[in-house]
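Database features (TrEMBL):
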TRANSMEM  12-31  transmembrane segment
DOMAIN    34-170  domain 'EamA'
TRANSMEM  37-53  transmembrane segment
TRANSMEM  65-85  transmembrane segment
TRANSMEM  97-118  transmembrane segment
TRANSMEM  130-149  transmembrane segment
TRANSMEM  155-175  transmembrane segment
Amino acid sequence: MHDRLTKWRILGIGLAFIGVVLIQGGGGQWSLDRGEFYIFLCMLAQAISFIYIKKATASLDSKQMTSMMLLIGSVGLLLISLIMEPTGTKELVGAPLFIYVLFLISSIVATALGHFLFNAAIQRIGAGQTAVFNNFVPFFGLCFSAIFLKEQLHWYQMFGFVFIVIGVLFGTGYMERALHNFKSRVHNEKKQIDTSA
């Protein structure tokens, strides 16, 4: 995909991963159940999809790509849900109105708008750099669980936040570019001083 994996980006990926580990299991509460295994499979599939999205958006508009992706994905999710939760449709019919409102908001804002922006980002900056931002998912999950569900944040999770932010800065190449620009500026200033002297 022509994304260079420099030593700074490897460092960034490593730091962000340490941050995710601290947030998820820093308190020694490690567990792996079926749901977490499904999430792992989803993340693996998503990582592979980033590469294909980048290739597809080279000849196809990201909005068209996202529309096709959501249409095919929704059919697939419907079939999987009917297999895994056969009584789900019966329970959904009897659900209160606010559940339907939540579904509508989730489908329009979180899913459709979120994927439009994400796929546009893949088209512009590449699959590798966009994927690094996935490390913010547990970060925002913890923040919102503390705000809305009143869950307690621990010191090791705060350290995890710091590692994730630093990891994203290095992993996206931002720090590398900033360091390169700083060196270029210093070199140019030194050159100007030498020529004026």
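Yeah, the Cβs are placed from backbone N, Cα and C, and that goes for glycine too.
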Using a Cβ cut-off under 8 Å, which residues of the same chain at least 6 positions beyond either end of the transmembrane segment (97-118) come close to it?
62-63, 66, 69-70, 130
Under 8 Å between C-beta atoms and at least six residues away from its ends: which parts of the chain pack against the transmembrane segment (155-175)?
6, 8-9, 11-23, 26-27, 125, 129, 132-133, 135-136, 138-139, 142
For a three-state summary based on DSSP, what are the helix, strand and coil counts in the domain 'EamA' (34-170)?
119 helix, 0 strand, 18 coil
